[in-house]
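Copied over from TrEMBL, here are the features:
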- G16, A17, G18, K19, T20, A21, R122: ATP binding site (BINDING)
- T20: Mg(2+) binding site (BINDING)
- D38, R62, G84, R141: substrate binding site (BINDING)
Amino acid sequence: MTTRLKKTVVLVGMMGAGKTAIGTALARALGVPFVDSDDEIEKAANMTVAEIFARDGEPFFRQKEAQVLERLLTGAPCVLSTGGGAFLSPDNRAAIARSGVAVWLKADLDLLWQRVRHKNTRPLLRTENPRETLRGLLETRTPAYSQAEVTVEARTNYSVEEMTQKVVQALLEHGDILERT
Ligand SMILES: Nc1ncnc2c1ncn2[C@@H]1O[C@H](COP(=O)(O)OP(=O)(O)OP(=O)(O)O)[C@@H](O)[C@H]1O
Ligand SMILES: O=C(O)C1=C[C@@H](O)[C@@H](O)[C@H](O)C1
Ligand SMILES: [Mg+2]
């Protein structure tokens, strides 16, 4: 199937939802470039996200994230994976709505925890009880993520390929983002 993407697809959702993994496969499937806001911030700073949080603090990281999003949203349509906190800012949500379409990869706590528990790269989860921290973040962030134009449910038994196909299907059904050529 060949397709034409009319707007940038912006993947949003919690840490571990699969934004980077699905975004990479989705861009390949649609034949468009893939960009990831965390990667771009890391490249520009020549530091990891965790190092930026530790040295400059979260507010500084959020400023960089907003700037990087503005930049990545200009230009030809692509797939843009965001960091887990990017869609919480009303300004970021407005910028995304202007130039793209937000797709929420919606996953429950058990799935997210299974995916993030073995990695130490997420500074917000460096707490005494990271599962409880993750639960709290999921609860407080869900109202923001719910504002995405498109929602695709992630489930434990969906492979990256299956999830990617579900996103493609949702974009085709939306009607105004992706067309068959
Ligand atoms: N559908 C899937 N099936 C199997 N493994 C997956 C799937 N989606 C993601 N993963 C794995 O789960 C882990 C977390 O996924 P990923 O890094 O894409 O999440 P993320 O949403 O980008 O998180 P963050 O907000 O922290 O950047 C990775 O190891 C990834 O390979
Ligand atoms: O959920 C979050 O707030 C974050 C998720 C990651 O993608 C990074 O952007 C950073 O670790 C913060
Ligand atoms: Mg990611």
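Using N, Cα and C of the backbone, Cβ positions are placed for all residues, glycine too.
No curator has checked TrEMBL annotations; they are predicted automatically.
Remember, it's a predicted structure, so these values are computed and weren't measured experimentally.
Comparing local CB density within 10 A for the binding-site residues A17, A21, the maximum falls on A17. You'll find the Cα of T20 (ATP binding site) roughly 9 Å from the Cα of D38 (substrate binding site). Residues G16, A17, G18, K19, T20, A21, R122 are the ones the record ties to ATP, and the longest Cα gap between any two of them is 16 Å.
Counting in whole angstrom, D38 (substrate binding site) lies 11 from K19 (ATP binding site) by their C-alpha atoms. Checking the binding-site residues (R62, G84, R141) against K19 (ATP binding site) with a 10 Å Cα-Cα cut-off leaves G84.
For ligand 2, the neighbouring binding-site residues among G16, G18, D38, R62, R141 are D38, by Cβ distance under 6 Å. For G18 (ATP binding site), the nearest of the binding-site residues by C-alpha distance turns out to be G84; the candidates were R62, G84, R141. DSSP gives D38 (substrate binding site) a helix state. With a CB cut-off of under 6 A applied against ligand 3, the binding-site residues G16, G18, K19, T20, A21, R141 are reduced to K19, T20. A Cα-Cα distance of 13 Å separates A21 (ATP binding site) from G84 (substrate binding site).
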